[in-house]
Amino acid sequence: MPFQKTIKSEISLTGIGIHTGKKINLNLIPAQRDTGIVFYRKDRNFPIKAKLPFVVDTSFATTLGVDGIKIRTVEHLLATLHVFGITNVFIEIDSSEIPVMDGSAIDFTKAILKAGIAKQGKTVSLFKITKPVYYEESHSKIFAKPYRGFKITYKIFYEHPLIMEQSLSIEINEQNFLNDIAPARTFGFLKDINYLLKNGFAKGGSLDNALVLDEKGVVGGNLRFKDEFVRHKILDAIGDLSLIGYPIQGHFIIEKGGHTSHINFLRKLIETGCYELAEEPYFNFQLSAQAV
């Protein structure tokens, strides 16, 4: 059984909200066991738990909300917390969005490893897929099946010469996340920028925090991986799937997915009951024990 965990010391980061364009101060604070992952809007004096029922929007990011108070773009930070097994932490922000940092999860990953991770002497159940589950909407398809571990197979297709069809299948553990997933940046297309801005998105987007593609390639930068695009989609998927609220056992096969299909799939998964909260050994490579 995995143990509940928190961070050993407080983390403070500052960055820009990719959609709001605002400067945001972010603090991660250790929390007692059984607290869960709790976002706290300091500017509104309001907490929101990182749980599936509180997802209120999935337009170009995953947004949590209660009573009209929202926190946008939670997926990269949640993915990092999930992979490193952090189950209890307060996340304080002074605005309505998690800072995008460089568009990836690498800054969050480095900060958490530097702060250290503490076991809290109490176990947490596993969310274990027990029967195959299939979901389809528009062009997106998601299939989950039982698996001894946590694995994601992702396939994307974009009519762009740098992307076209990309696919990757990867075990989700700390080492693979640090090396292969966390550094992958969010991406968008130059042709879509006017639409995004007109509709209140990407006000803080720049070449410093996103891969921007014109008709031929990346504008003003280079790829970290040849298949950085599908790797980033896996990062998003981990963050969205983490809203289940438990460590996950299962193999998730996703084709042309996005935040909306990820979240709708989770809702169907809960409805079908093809899972159990299990108490058994959890196989996940532990990098944090070596790094703290």
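From the backbone N, Cα and C atoms, a Cβ is placed for every residue, glycine too.
Since the structure is predicted, the reported quantities are computational estimates derived from the model, not experimental observations.
His76 is the only one of His76, His82 that Swiss-Prot places in the Zn(2+) site (with His232, Asp236).
In terms of local Cβ density within 10 Å, His76 ranks first among the recorded positions His76, His232, His259. A simple way to gauge crowding: the CB of Asp236 (Zn(2+) binding site) has 24 other CB atoms within 10 angstroms, across all the protein chains here. Only Asp236, from the binding-site residues His76, His232, Asp236, place their Cα within 10 Å of the Cα belonging to His259 (active site, proton donor). Cβ proximity to the Zn(2+) site centre (mean Cβ of His76, His232, Asp236, cutoff 8 Å) flags the following additional same-chain residues: Glu75, Ala79, Ser104, Ala105, Ala184, Thr186, Lys233, Ile234, Leu235, Ala237, Ile238, Gly239.
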